[in-house]
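Among the features that TrEMBL reports, domain 'FAD/NAD(P)-binding' is placed at 2-158. Summarising the annotation, TrEMBL assigns FAD binding site to Ala11, Glu32, Leu40, Val76, Trp365, Gly372, Val373, Ile374. Annotated NADP(+) binding site per TrEMBL: His147, Gly148, Asn149, Val150, Arg191, Arg192, Glu203, Gly372, in sequence order.
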Amino acid sequence: PRLCVVGSGPAGFYTAQHILKHHGGARVDIYEKLPVPFGLVRFGVAPDHPEVKNVINAFTQTARSERCAYYGNVTVGRDVTVAELRQAYHAVVLSYGAEDNRVLGIPGENLSGVYSARAFVGWYNGLPENRDLKPDLSCETALILGHGNVALDIARILLSPLHFLRKTDITDGSLAALACSKVKRVWLVGRRGPLQVAFTIKELREMINLPGARPVLNPADFTGLENAVKDAPRPRKRLTELMIRTALEKPGEKTMEAQAAVQAAAPREWGLKFQRSPQEVLPTADGTRARGVRMALTRLEGSGDSAKAVPTGDVEELECGLVLSSIGYRSLPLDPAVPFDTQRGIIPNSSGRVEGVPGLYCSGWVKRGPTGVIITTMNDSFDTAQSVLEDLRVGVLDTSASREGFGAVESMLRSRGVRPVSFSDWEKIDAAEVARGKAAGKPREKIVDPQEMLRLIGH
């Protein structure tokens, strides 16, 4: 059987890996629109979390398998259609992730100084489409809308000591911009309460222990919560207890000198604000830039994860010159031939089988929505791969008819002037990045311009 996977992030690679491992004869081709592979492992994981990127070693083993091939620089839906891929392969798996962000849908969202978390993370991680973002870091206060791990990542990058970041694979341009940053206060704002935050304890602890930055949590936000979490699942309980401890560290218990020393040692600060829902980004007098955000105060109806935030009628204004919206990523339809639920932002499917289109599958964020960490995506992709393997076993996928696979696609691409990038081409780009990084004392210096990548491999 000849199968292909669209997208070379964790979902694509884990799907390919599982199929290759459990079917001795299957051949899998992976298509990727960028010249470089690995999706959000390369472009989403924070530069100061290198250990999370170790999965790249396993993906590289998969790509080097003699039954696997990688074709970068090929945009499915433009350079080749899904219908053409379905003609060339016995099965097609769509694993192209979430390439857009959810919008706030409030006035002032498009003012200068307002950015999506997705674009900001893409900027410091070298995603080509965000390389010219040039975020304005000349203000003292930044406001991040959202209480997830991505929001904490951004806060940490904004407040980290430069000597920390210099040793990471953060891009050269963003490092230079952060070196001149005036941001010294970051507020993370969420519509719901402390019991509904979406970040995890590891990320919170890292933020609390960040040198030179102090946490500012309002004790009033946490009163009575010890009782509320007594019966909560252990991760939620531990996370809440850590927030409570941090909020209740009473300054009075330290001597005045010790307190002054802490203040002096921590010129920067960050804090969590709860039960506030953004209503409008407020413009400066000339109407061009953000100067703050007006927020509706909310009360919670219901409890736990299903609690809803309802406006109380009261509002509050928070001054800031930088607004980052971290309210989630969003998948987009790839090709008119593929069913898409615009409401939920996913391809309608059951266990990864695309509804109404036999032989078409999906895995990862485009299958289940943009949530979870790499391990979640791994399990999800194995689930889709199992569906493919099952359909091969029971004959739902007719493998008696031979399919040409990349042979058929290659001639189409050539006629359309598209030159795919192979995995060994990527390894040349990789080697160049690592060499440039070494010269700068970093693990790698990412190339952010696709044209430069292609020149490097002689395309």
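Every residue gets a Cβ built from N, Cα and C, even glycine.
Whatever TrEMBL says is automated annotation, not expert-curated.
On the structure: features taken from TrEMBL.
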residue : record               : Cβ neighbours (10 Å)
Ala11   : FAD binding site     : 31
Glu32   : FAD binding site     : 26
Gly148  : NADP(+) binding site : 20
Asn149  : NADP(+) binding site : 19
Val150  : NADP(+) binding site : 23
Arg191  : NADP(+) binding site : 23
Arg192  : NADP(+) binding site : 19
Trp365  : FAD binding site     : 29
Gly372  : FAD binding site     : 14
Ile374  : FAD binding site     : 17
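The two recorded residues Asn149 (NADP(+) binding site) and Val373 (FAD binding site) have their Cα atoms spaced 10 Å from each other.
Around His147 (NADP(+) binding site), taking its Cβ as the centre, 23 other Cβ atoms fall within 10 Å, counting all chains. By the criterion of other Cβ atoms within 10 Å of the residue's own Cβ, the least surrounded of the binding-site residues Leu40, Val76, Val373 is Val373. When the binding-site residues Glu32, Leu40, Val76, Trp365, Val373 are ranked by how far their Cα is from the Cα of Arg192 (NADP(+) binding site), Val373 comes first. The 10 Å shell around the Cβ of Glu203 (NADP(+) binding site) contains 20 further Cβ atoms across the protein chains shown. Across the annotated binding residues for FAD (Ala11, Glu32, Leu40, Val76, Trp365, Gly372, Val373, Ile374), the two most widely spaced Cα atoms sit 25 Å apart.
Nearest neighbour of Ala11 (FAD binding site) by Cα distance, taken over the binding-site residues His147, Val150, Glu203: Val150.
When the Cα positions of His147, Gly148, Asn149, Val150, Arg191, Arg192, Glu203, Gly372 are compared pair by pair, the longest gap among these NADP(+)-binding residues is 20 Å. Annotated pair Arg191 (NADP(+) binding site) and Leu40 (FAD binding site), C-alpha to C-alpha distance, rounded: 26 Å.
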